[in-house]
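Notes for the one structure printed next.
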Amino acid sequence: MAHQWRGIVAEYADRLPAHVQETVVTLGEGGTPLVPAPVLSDRTGAEVFVKVEGMNPTGSFKDRGMTTAISAAAGRGAKAVVCASTGNTSASAAAYATRAGMICAVLVPDGKIAMGKLSQAIAHGARLLQVDGNFDACLVAARKLAEAYPVELVNSVNPDRIEGQKTASFEIVDALGDAPDIHVLPVGNAGNITAYWKGFREYAGLDAGAAHPAVATRTPVIWGFQAAGAAPIVAGYPIDEPETIATAIRIGNPASWAQAEDARDTSGGLIEAVTDEQILAAHRVLSAEVGVFVEPASAAGVAGVLALAEAGRVPQGARIVITVTGHGLKDPQWALRTPDGSDVQPVRVSADVVSIASALGLD
Ligand code: F0G
């Protein structure tokens, strides 16, 4: 049999802590495509790639951190895990916990998670509680539950999550031969920006990577984008009632706020806001022109790069990787709306070839 990708714990064993490797719980996560995006290169004057994290087993980047978090919990003999989630973490935690034979409790903001994610968590047997409060309230409750009861917290404040998620940076460097000039990603609870920065630093021989030969000669500049209605790091203070159509990043008080600022400042980067309109426009460019279907939050990075390009702030010729974090099928309703907000109506025809050809304008 040809070589099959074995999941990030096996593929990057030498770069991950020993305690996640004793009882490995994997669904084959990682090894996601780094896709050149000539349309985005043309629009920005840079050389743009998208790292398509929707290709992970549950359709988002969370699986990288969940294989390590659940493996570590399994190694300790944990019977139950809990997470707060805007949707993707709950889908991923539920799948990996089921695989490990554990109970998974998830706390989600009532009415504010996409249907695809809700169905995943339920399908995988999670004990799903819709909480009367936003994500930030769910996370406070999940942390308290894990302190007081025999359940382990698998949100990204769990360091094992960051260890797994840092492998996306490794894959990018492995694919390109070195770090890109700029790495771009959406920012919500700020675990992923923390993880990418850790991964890029380690592969450049810094921090924990000092024990290994350096793979990259440098680290990239990090650009993060928040949704305008949920942009606490941009504002400089927590947002009590965050609002955005990009429900995955509808977060007002990110747990890894300080780490996100460190990644921004140490890399010489930026964290800025994009509006819901810019997110939806980028979502359309990705699906209709690049050929990659993502959920709205995942388009925030592309929206940000397009906005900076319009403002003349994208360095010409720079190599830019934009992580698109979750699959479009998680939250497909946005594809069925036109830019002016009306519903897309499928064209109905009878089953004869003449009508079909005519409807296609082939006659
Ligand atoms: N993109 C998607 C699709 C996400 O689901 C998330 C976070 C982010 C980006 C932001 O990543 O939080 O590490 O800064 N989703 C979490 C969840 C909060 O519960 O699924 P972050």
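Using the three backbone atoms N, Cα and C, a Cβ is placed for every residue, glycine included.
The feature domain 'Tryptophan synthase beta chain-like PALP' is assigned by TrEMBL to 25-326. The annotation N6-(pyridoxal phosphate)lysine is assigned in TrEMBL to Lys62. The pyridoxal 5'-phosphate binding site annotation in TrEMBL covers Asn88, Gly188, Asn189, Ala190, Gly191, Asn192, Thr325.
The structure, with features from TrEMBL marked on it.
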residue : record                              : CB count, 10 Å
Lys62   : N6-(pyridoxal phosphate)lysine      : 33
Asn88   : pyridoxal 5'-phosphate binding site : 33
Gly188  : pyridoxal 5'-phosphate binding site : 32
Asn189  : pyridoxal 5'-phosphate binding site : 26
Ala190  : pyridoxal 5'-phosphate binding site : 25
Gly191  : pyridoxal 5'-phosphate binding site : 25
Asn192  : pyridoxal 5'-phosphate binding site : 28
Thr325  : pyridoxal 5'-phosphate binding site : 29
Between the Cα atoms of Gly191 (pyridoxal 5'-phosphate binding site) and Lys62 (N6-(pyridoxal phosphate)lysine), what distance do you get, rounded to the nearest Å?
10
For the domain 'Tryptophan synthase beta chain-like PALP' (25-326), would you mind checking the mean pLDDT of the predicted model?
98
Give the helix, strand or coil assignment DSSP yields for Lys62 (N6-(pyridoxal phosphate)lysine).
helix
Once Asn88, Gly188, Asn189, Ala190, Gly191, Asn192, Thr325 are set aside, which residues in the chain still have Cβ within 8 Å of the Cβ centroid of the pyridoxal 5'-phosphate site?
Phe61, Ser156, Pro186, Val187, Ile193, Ala248, Ile249
